[in-house]
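Report on the structure given below.
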């Protein structure tokens, strides 16, 4: 008598928005939060609140296509009762208490191209990393699908490589309580 194969748990559903216009900050927020909570209109409203008397808003692209700065990300998270904590790149990543961190948002240099022609310019790009179902994922909106990073060692290796390239900034997305207690940081 043959036995039925053991049922394998289905992989977790991972929310992943793809890149549109210069909305990588909006995509990174939604990807790290694992749901669509922000839109271009919501980000533009945050920009207006941050610079209410400014004709040319310093927190977004002059063309109105996005390219939001860190202040927009931080205000969006604060509006949800969350916080963004800058990771000091001089610290060893072994001090990062990943179980206390909801997700990470990285700001990376990104090459500029026109079709197949690469230009000698660098723009900035926001990328989300998040654990879902015990597995960490790179949720870069420029990727076709989420990229599996694996466990804590995998995400630390990814962060090490990103920080080694230089000009990479890392924001830890945490609850207000974790921010206030500073428990996103562990001693070696």
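Glycine is no exception: its Cβ is also placed from the backbone N, Cα and C atoms.
As given in TrEMBL:
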type	residues	note
ACT_SITE	24	active site
ACT_SITE	125	active site
ACT_SITE	140	active site
DOMAIN	11-188	domain 'Josephin'
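Residue 125 (active site) sits 6 Å from residue 24 (active site), taking the Cα positions as reference. Rounded to a whole value, the Cα-Cα separation of residue 24 (active site) and residue 140 (active site) is 8 Å. All protein chains included, residue 125 (active site) registers 21 other Cβ atoms within 10 Å of its own Cβ.
Counted over every protein chain shown, other Cβ atoms within 10 Å are most numerous around 24 among the active-site residues 24, 140.
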